[in-house]
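Reviewing the structure listed below.
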Ligand SMILES: C[S@@+](CC[C@H](N)C(=O)[O-])C[C@H]1O[C@@H](n2cnc3c(N)ncnc32)[C@H](O)[C@@H]1O
């Protein structure tokens, strides 16, 4: 009988213990937080990349949602989390300590804001730290710090001052200078998750009833709770799309009329283009990013709307006949959207503001040349910074004596306090209160309506 020859013993690979349940989700959340804070990457794109990757392929939907929730809350409250951690670490955060900082931040986010049992939050953060050679020697320290945060959570939460503790210094200073006492209300509102608002093609009251949504005084609808959007009535037939109540105001202010030729100069992904097209205008949607314009086309297809698209830098757009109206939703720091994009607070800075303001100036000047005599221009940004809003338009009007402001009225926008004395729109995130305060708020937007002499 043939006996298999005995092979010499080979060294066996070290037995790889399977990850504890819940650990892969913590790993990805910590990685996303580190990508935002250390590499200034955008949170949404980072999460999409990680959750589309091989390490998430076998992950259940519940865990995927947990990755998003942990990373988003850790970034949204990173200021307060850092303060709570450092107050409990005598020698500060050790340098060159690998995953330590992001594991502590995501652990603290779970302890303070998420519905995760304390023991699971701490245990998984420590396992994560132990899995990294550079961090493992701090496991004891991390354990002590997180346990203290768990014990002291009520006092920590009660003591948070959103402006002083939970807003990066560069923004806290700017908002205090621009908005005085309202800066504290802005910071507090920015710390909340945004509601889901919808823009309907037509008949908001009927859709409010069908969707059991709130009909806001601005003309948008607000869902009472988060839900799977494709399952809602009207999604398949393209009756509505998701768009913050403030973001829906600028296109309405342009008052698009059927047949008018309107350019949307920074159009993708197309929320405002859809409003213009739904009103019957002949829209040219311009964006310099072809991938983003592709998303716009997909969105228009779902909504059954036809628009012409052009992937070009708006500064190079050539249109000898000009346009009846132009919407310029310019690229900006997006500091009015921290409820949705809390990473902006940590990935942008004043140098970005200077660069973007200069681009906005050039785009505004270009828009003026593309407008027919008598044409309308709505300029808007989702920024709270006056350099991108009020100051930008004041300087534009000084450069262009052939253009004038067409003041916006409270009746048009439905939020009287959002109209400035000079007739511009300035929404602040704490506005739009109503009985169900959990659902209050809107993005911080600025818009001005301008006309070119006929
Ligand atoms: C604020 S987003 C537009 C959002 C869009 N209006 C909406 O409502 O869905 C700004 C857009 O401007 C585009 N952009 C930036 N610089 C541009 C330029 N010079 N010309 C054309 N598009 C530009 C960006 O690719 C980005 O899609």
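Backbone N, Cα and C define each Cβ position, glycine as well.
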**Prompt:** Given that TrEMBL lists 266, 267, 268, 269, 270, 271, 272, 313, 329 as binding S-adenosyl-L-methionine, which residue among 287, 343, 349 does it place in the same site?
**Reply:** 287
**Item:** residue 382 (active site, nucleophile) to residue 272 (S-adenosyl-L-methionine binding site) - Cα separation in whole Å
**Value:** 13
**Message:** Could you tell me the mean pLDDT the prediction assigns to the domain 'SAM-dependent MTase RsmB/NOP-type' (167-453)?
**Reply:** 96
**Request:** Under 8 Å Cβ to Cβ from residue 270 (S-adenosyl-L-methionine binding site), same chain, six or more residues apart: give me those in sequence order, or none if nothing qualifies.
**Result:** 285, 295, 296, 299, 300, 307
